[in-house]
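What TrEMBL says about this protein:
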| type | residues | note |
| --- | --- | --- |
| ACT_SITE | 79 | active site |
| ACT_SITE | 137 | active site, proton acceptor |
| DOMAIN | 173-265 | domain 'Peptidase M20 dimerisation' |
């Protein structure tokens, strides 16, 4: 028995899903934070709303007092990817579809349900529990990453209820970087003055081959040139060209090595200039000894709920990358089970909602009072 009814949890979750909150929708995000605050106030936490800035929405922090334990941070995002109307809200058997229902309103709601269960049952928290709901994760958390890292350093562990594809938890995530190369050459007529031109497109083509060669699948490093543009007309030597690059890496040192190589790139033609911009946005979520200790505890809790828990890795990033980089053991992928996120078919499975809430409840209670390396 989990102590949670999945259909009741779904009814609560749908109140969140029915409020559209794409990243940057300040009004929609404020409406959802209003709703979350309403649900939190009877539980007695200290609430803090971080004002909207830089075109992003607000963030919400709830701090629950506890005993002398090291405490645990739970961070979820409430912004979504798909624009309003892109995902039809519908139920098909055990699948409930909706915008952001898996990524990650499902996990954010289950985290609230977990702490609410502990408070309403009168169970004393052995250490402080802090919960964050931020509104800009889908674009890299530009206005909340520092807040999340700062809060993480005040706690002994971090839990990230990002979605899962089964009974599993994520113990490692790749780091991510984004870069842009802008080439400036010299335009000229392609027929009568070709020799006077300096092609930015030709230099971009050379750069693409160099960048592509930086991929090393054996080391888990990928360099993806995802978008290119340049030139004006076929009969004009191109004066401008650019490319946007996504880099993923399994080791922070590899990410720094690739960054140094990209920043040092120079065109073959000395008359063409290049401007390089971008940076490492998210370091790796490290599979540290503390994170493994957290996973072992999660396995024990899930076994008590009737099913084994699998360990997984991910090439995608989350706010768990920031908590891990802050030196805090982090366990990720603890949210609702579902699939097809970032698509019109995004969904959660209703049946496992109770079990996932119970897993979060057990982890919150345990790690509020025990540091991961000592708590298994």
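Glycine too: its Cβ is placed from the backbone N, Cα and C atoms.
Confidence over the domain 'Peptidase M20 dimerisation' (173-265), given as mean pLDDT on the 0 to 100 scale, stands at 98. According to its DSSP assignment, residue 137 (active site, proton acceptor) is helical. When other Cβ atoms within 10 Å of the Cβ of residue 137 (active site, proton acceptor) are tallied across all protein chains shown, the result is 25. Under DSSP, residue 79 (active site) is assigned to coil, being neither helix nor strand in the three-state scheme. Long-range C-beta contacts of the residue listed as 'active site', restricted to its own chain and to partners at least six residues apart, with a cutoff below 8 Å, comprise 21, 22, 23, 24, 25, 29, 57, 100, 134, 135, 136, 137, 138. Break the domain 'Peptidase M20 dimerisation' (173-265) down by DSSP state and the numbers are 31 helix, 38 strand, 24 coil.
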